[in-house]
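Reviewing the structure listed below.
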């Protein structure tokens, strides 16, 4: 019986499975369930807010905000020109980053930093909406909402001692809300002289960082630290009212903003600052700068363990647009180790000043410029400053063809060394346009060094060329006209790879500034000393206050 029962069980299993599958298939095909209903179609305007959010989790800004416009045509345009835009952006990144890399070569045993690969990939950013502001100024302002989940190929090679370290940036995601200002509008193509970019809120940036075969961002704690650091650094540089300005038209067109005066700032004192140290004190100092200015911020001295410090220190800042620029004042608590704590900040629009009149401001310090931030209601102390805006003498008055203007200029030239020029402060502007036929014995990576009044300023380095074009301007604020002084400009070359000589001189020139003061401007080409055929093209201007 046992054997017979097992045999019948096997036969029943073999027959039952096919019959069951066949019966199930026939039921599925020919029998319709009675509880299935046709879906109900409803117009979208009948849905409530929660239902809409479930259906459309990513609602574009042009749907949520009526002041944002839909611009599918611009996304199509970006998609078509992205391969060419990618190359142009990468060239800008490379030319901007290389001088920064060059500053670190030789430090920390670092021999070189180079781009192995630099491409933003094949996926262009998307614009989810754009808002245009109407103003009475000679400018165009718009705010796009940008999102980008790209596939860039950005690889850096660091040579550290004998090691070759490769760092790769992957899986980039960026969400940003920039404000883009095209100003000033001019009758010369492309009809605006510069692009000023600032961020209206902190950007969201997510990426991977491959180092030595592993993703550094996957290490616990590193991801959040890097995210916070990037947001703070980007916000400190580009969050409104800070701007990043990209010149489009050069100075020869006469359309870019030129310095119009000097802002004299006297940081007087602070009152009842926050206590940041364990012993109930702070070590405050002040950083000050003008919005839209690429120069490093100026700093006061540090007052140790003092909540009511007095500085009485004077600074001079170059003003380009008193109608739109603001003075930014940041008070910090100095720390011997680590980052310095921010005690507070405040801004002063320059349009509040009257030329040549000194005005004192007592400013309530806040955390940031957002008026809706509840942290700004907390007491952070006060800062007292004195401001004086001294505009330059208008060029049209100095070089006017009228009798009055000519006599004024002649009087200035005749009395210049005794009555006028020696007693006037001013601004010396040095524009290094480029050089020709400069040649080194070991390498040709030219950059220019300007030495004047104990200060030294450098242009960017341009690789592998004998005819560099820098088009960079430097400024020197002087207490009196430099009638008897000279300025030295030297063209140097620095190696980028292996070489026995790291730097070498390609020639120099010394320029007397007497003619610059009396004529207001020179624009000449000078034969370089200690150079076979090298020529330097430089423009120097003197602006009196």
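Using N, Cα and C of the backbone, Cβ positions are placed for all residues, glycine too.
Any TrEMBL annotation is an automated prediction that lacks curation.
These numbers come from a predicted model, not from an experiment.
Per TrEMBL, transmembrane segment is recorded for 7-31. Residues or ranges marked as domain 'SMP-LTD' by TrEMBL: 67-249. What TrEMBL lists as domain 'C2' is 240-363, 414-526.
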Reported mean pLDDT - the domain 'C2' (240-363): 85
DSSP-assigned states of the domain 'C2' (414-526) in counts, ordered helix, strand, coil: 11 helix, 57 strand, 45 coil
Residue counts (helix, strand, coil, in that order) that DSSP gives for the domain 'C2' (240-363): 6 helix, 56 strand, 62 coil
